[in-house]
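Colleague: So that we are looking at the same thing, I have put the structure below in structure tokens.
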Amino acid sequence: MAFIASPTLMRSSISWQNMVVCDNSCRDKFLFRNKDIYKGGRNLQNHSTVANVASPSHVIAPPPPPEKLPGTTGGKHHVAWTSVPQERWEGELLVQGHIPLWLKGTYIRNGPGMWNIGDYNFRHLFDGYATLVGLHFEDGQLTAGHRQIESQAYQAAKKNQKICYREFSEVPKAENFLAYVGELASLFSGSSLTDNANTGVVKLGDGRVVCLTETQKGSIVIDPETLETIGKFEYSDSLGGLIHSAHPIVTDKEFLTLIPDLVKPGYLVVRMEPGSNERNVIGRVDCRGGSSPGWVHSFPVTQHYVIVPEMPLRYCAQNLLRAEPTPLYKFQWHPESKAFMHVMCKTSGKIVASVEVPLFVTFHFINAYEEEDEDGRVTAVIADCCEHNSNTGILDKLRLQNLRSFNGKDVLPDAKVGRFRIPLDGSPYGTLEAALDPNEHGRGMDMCSINPNYLGMKYRYTYACGAQRPCNFPNTLTKIDLELKRAKNWYEEGAVPSEPFFVPRPGATEEDDGVVISIISEKNGEGYALVLDGSTFEEVARAKFPYGLPYGLHGCWVPKQ
């Protein structure tokens, strides 16, 4: 076996719907146990296998294979789209290869990891209850664990064995008409919206680690060492609003986010200082098209500006009220409303540019920077994103039934690195072009990361998930060189990799000097943590989990202090 589990996790566990719920002994810190460690090595295909394991006193056997669920094509489906088999696990992993000794800290990945309650199976990837995975690196060793976020939505679902809050595509089933009317009233107040923080995780400048989703109430503080849920992150201001960008811009100095205004269509741009829970308004952007704001899952910044995208995929009140989802869920596509990019000064809150751009669909912006002329004057803003060729069909491709029923046909919609150029000379139009030939990365592009030291600055490299065709979901890791307009790709047949997260080497002077961390779900039901060299994009280490983990979304790095 390639792992050793902590003995405390093996005591006093009770089953709930094939989940293991541990007693309070699980609350012990999972990252700094089992100090009795030995190192052994042997040569394996030019890689040294370093065994960093505790004494083999207790071993967790992998759970039984998942049974076929409704909507699958037969047999068990890929572990990437299978609910996590236990509520929590922790242990030390056997490392193949060499983890750099400078890599000291914890990578935390968040994402939907449980897609059923009892016999009821959720519809969409984004519906699943949040599962955290922690990878702690120290002295070339790797300790891992996973744990569910104890949101109100998750706790209520466990208790009542049904969905109790509105998820991305799921709505609680009303028992009668009066109950339905009451549920609609609670929607307008926000009380029926989920707090299932299953999208991202960020480390604030004051050290607090917060998990996030589209709803403001879904902001939850966790312990980065144990992955334990600490409690709600309560905003202390009176700005209100029900939703916000799931991807704030977070540095050691500030927290920036967008709050869509669904009543008077527009966006508030707000800032929060480290150590504070109070958001302060920098400025407001009024929408130029449509009767509702465009979806703002993410947005970019430069050194001096916040870029506010106005996408024609707009929030839709009618779809919010529906008991059954539409193909675009809580949104509607309004190409007639056009698309815009707004540029706001971080200091004054003034809008310095507002331009019409070609229609676009994106979940994730990569980075942005200021373009200067020969005299050093800023003439334009460049903003890069994972752009889906203005095809809204990508949302419905993420239904679990679609993900679980891959039959060998190439059904993943094309995507590219979309590069916006937003002129600052008063021109009314901006441009959107592919930053490189999309065939370099298989015409798949999402789940991006950069060297965080280059946030808002001119940069050369981004890491993302690409495609090896045919496929129905991004299935490669890709390193993109925006200067040479080339890509290096990692691929393993049948594997589903999650977001490649770049961690720079302390003291590095080259942009790609560091490592890339990803969690891989294998077609045989297994899985492992993968570490690639950020420069060569070659594998330097991997470590198998005791069982495969479901696909996850976004992560953060918490360095050891």
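Cβ coordinates come from backbone N, Cα and C, glycine included.
Take a look at what TrEMBL says about it:
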{"type": "BINDING", "residues": "His247, His297, His364, His554", "note": "Fe cation binding site"}
Colleague: How many other Cβ atoms sit within 10 Å of the Cβ of His364 (Fe cation binding site)?
Modeller: 21
Colleague: Residues other than His247, His297, His364, His554 within 8 Å, Cβ to Cβ centroid, of the Fe cation site?
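Modeller: Near the Fe cation site, the remaining chain residues are Thr199, Gly200, Ala246, Ser298, Phe363, Phe365, Leu553.
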Colleague: May I ask which residues of the same chain, at least 6 positions away in sequence, place their Cβ under 8 angstroms from the Cβ of His554 (Fe cation binding site)?
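Modeller: When sequence neighbours closer than 6 are ignored, His554 (Fe cation binding site) has Arg109, Asn110, Gly111, Thr199, Gly200, Val201, His247, Met447, Glu499 within Cβ distance under 8 Å.
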Colleague: Return the residue, from the listed binding-site residues His247, His297, with the maximum count of other C-beta atoms within 10 angstroms of its C-beta.
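Modeller: It comes out as His247.
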